[in-house]
Amino acid sequence: MTDQNKDIDTHSGTETTGHSWDGIKELNTPLPRWWLIVWYATIVWAIIYMILMPAIPALPGMGTNTPGLRNQSDRDNVAVAVQELRDKRAASSAILLDASLEQIETDRELQQFALAMGDSLFGDNCATCHGSGGRGAKGYPTLADDVWLWDGTLDGIQYTITHGIRDPENLDTRFSMMPRFGRDGLLEAGQIDDLVEYVVDLSGREADGAAVERATPIFAQQCASCHGENGKGMRNVGAPNLTDADWLFGGNRDDIYNTIYNARNSHMPAWEGRLDDASIKALAVYVHSLGGGE
Amino acid sequence: MVELLGPHNKTSKEGASAPAPPQHEDLYAKRRQIYPKLAHGKFRTIKWIVMALTLGAYYIVPWIRWDRGEGIPNQAVLADFAGEKFYFFWIQIWPQEAYYIAGLLILAALFLFLVTSLFGRVWCGYTCPQTVWTDLYIWVERAFEGDRAARMRLDKAPWSFNKVWRKLGKHIVWLIIAFWTGGAFILYWHDAPTVAKGWFTGEAPLSAYWFAGILTMTTYFLAGMMREQVCTYMCPWPRIQGALTDEDALNVTYRYDRGEPRGPKRKDQDWEGRGDCIDCNQCVQVCPMGIDIRDGSQLECIHCALCIDACDEMMVRIGRPKGLIAYDTDTAVTARVEGRKPPRWHPFRVRTILYAALMAVIGGIMVFGLMTKSTFEVNVLKDRSPPFVRLSSGDYRNGYALKVVNKDTDARTLILKVSGIEGATVSVIGMEDDLDGEFELPVDAYGVDRYRLLVTAPAGEPRRTLIFETTDPETGETTRNSVPFQGAK
């Protein structure tokens, strides 16, 4: 466009685009200089960025994106950061490996380190089932109370974390199997009904006396071998105490019936191999501290 | 309406002679370079002294040592971020006591209010870092380029060797001062000798380089280039100022009752019928803000009083009494204009008394707080997950995290006693069972120790209260924490 063709708006003195709609024209106000400078700067920056950093995605035949002169890769950076963290932890972890669990718990400095480490490990690995702070849920034992199915000592907890419970992959896992009395036809439905009353009676609640009497020989025959003659449970097979107020799978009659009929053999994976030994030790101390353990 | 329709209408109606585009007022004013002339007199001297004191304090304070004992920083004034503490000579502020810092800021604000309502913008004119450093930078500029007239000549002159070395020298000295300013700043956040040495050997933390760099650049640009624009456009204080000053505050004032009508005076002229202002413009030439004080109180004026010096010098020379420009109140000027006797300046007004009283109250609370500051602090945090567990016996148990802050420089053993619930038993993880309900908690010197506690209590009310009582058996100092104990109904 030559100068003669310029259409200057008389009111503002600014050039217009030359288009007219119903007598209304659009001003062709030049862009502010600061804006242009910033814009040019971003273009220059973009070019520099494309040269230095990964920028162009994989084109056909190229295989991968352009790596850029700096060879920057977030994936590699993460790997480096993880290795750095491992190295940083190595010294403290070594101390945990050398000390016994009792020493870790009673030494103030080691205890604070183990609890801090255990807290973060528990949140990442255990809280999904056991809840934050080991609060537990139906079917997932509460770790903050005083009820321990297998072993609540420091060593016992360490063993459970290491080998898991009923983990088919781990040879040393804690194992027991309650029979599926109803489903496998070991007991009649009526017998199970009577057993439910017997268990309710064991835990000190009101129960049908006649049913309890009918169930007494059945309990002695079928249940006492694991849960004990008086129903107090047996640690080495992880058989729970039936006389207390704690019910992992619920304590009402329906829940108890369900448990006897189908059996409940829940699993916990072995953490051996997934977590290093120092982490497992820290976790054992942490879990022990949640409810004071045994 | 016609104007809005645009040029195509105009040409058809009015013919060839289209009206010239209306002149719009330019809303952007280019900065006018200010060349403040050197003033001589009482206030200039005061400003030199204030500059020496404030800059001296700024550069020297971080080097003062203050012995606090083994393992604790021995720097008198230190904001120790890594150690999470603030040191000020004999006072040590822990993060839990940040309210002292808040109190200090409130005191500083009130003091600023009080001074402003008494003497106007003393802060702006004498002690504000922007004023002090600008003054210093102008001093350097004067040393290289000469006073006002010489500087104006130099700026107008074409580039020459003379101009280049003077300008270059000035900027180099400015940058050196700027660097020392930024460098001194970081000394307040780290051990001064260590960070000063580490800075040059590349061992200082990244933040030290970063902040030294930022402060170097801000000092160079704010004091060297931007100067009065910082006060006029960037600083909020001139705006707040309007609400704080009043007609009874002593402000730098042109006494127009005495000065007007102004005008140049010949030797043979009589003083009868005219004002004392001879329009010599000295007050304008010395002004670092580039304003004319004779226009009255204005936003730009930082009340540095240099115009008083300039005017007084002139008044002596022409044989008139000093004080045509002086610290005066609006009330007094108005009274003289109306022919009344100006009232005495009275510092005790409702506003100033209120500010002083508030300062006394807050200062008193802070001093009392500092005097009775405990040497240890106990925080008890109840576990939120799980809030409680029911034990097989039917009892309830709650977990607590106990944090003991020992502000003493010696390690010691505190006695913890938990009470408040009948039949409750307490255990501390990693410790032997309690004897008579008391625990001995060893705490490290000058640090924070954490303990985990479990409290078991028989079923009862769902919400009960435990009292944690921690005592230093040697001093008898005791803190009490009331914390909730939860359990289902």
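Here the Cβ of each residue, glycine as well, is placed from N, Cα and C on the backbone.
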Quick check: of A:Met117, A:Met178, which does TrEMBL put in the same heme c 2 site as A:Cys223, A:Cys226, A:His227?
A:Met178
Same-site heme c 1 binder from A:Met234, A:Met268, given that TrEMBL records A:Cys126, A:Cys129, A:His130:
A:Met268
Could you state, as a whole number of Å, the largest distance between Cα atoms of any two of A:Met178, A:Cys223, A:Cys226, A:His227, the listed heme c 2 binders?
10
Using a Cβ cut-off under 8 Å, which residues of the same chain at least 6 positions beyond either end of the transmembrane segment (A:34-52) come close to it?
66, 68-70, 72
Can you tell me how many other Cβ atoms are located within 10 Å of the Cβ belonging to A:His227 (heme c 2 binding site)?
22
Hey, does DSSP put A:Cys129 (heme c 1 binding site) in a helix, a strand, or just coil?
helix
Compare the C-alpha of A:Met268 (heme c 1 binding site) with the C-alpha of each of the binding-site residues A:Met178, A:Cys223, A:Cys226, A:His227, and give the closest one.
A:Met178
Could you state the CA-to-CA distance between A:His227 (heme c 2 binding site) and A:His130 (heme c 1 binding site) to the nearest Å?
24
Helix, strand or coil for A:Met178 (heme c 2 binding site)? Use DSSP.
coil
May I ask you to report the DSSP-based helix, strand or coil state of A:Met268 (heme c 1 binding site)?
strand
Output, ordered by sequence, the same-chain residues six or more apart from A:His130 (heme c 1 binding site) with a CB under 8 Å from its CB, or 'none'.
A:Phe122, A:Gly136, A:Ala137, A:Tyr140, A:Pro141, A:Thr142, A:Leu143
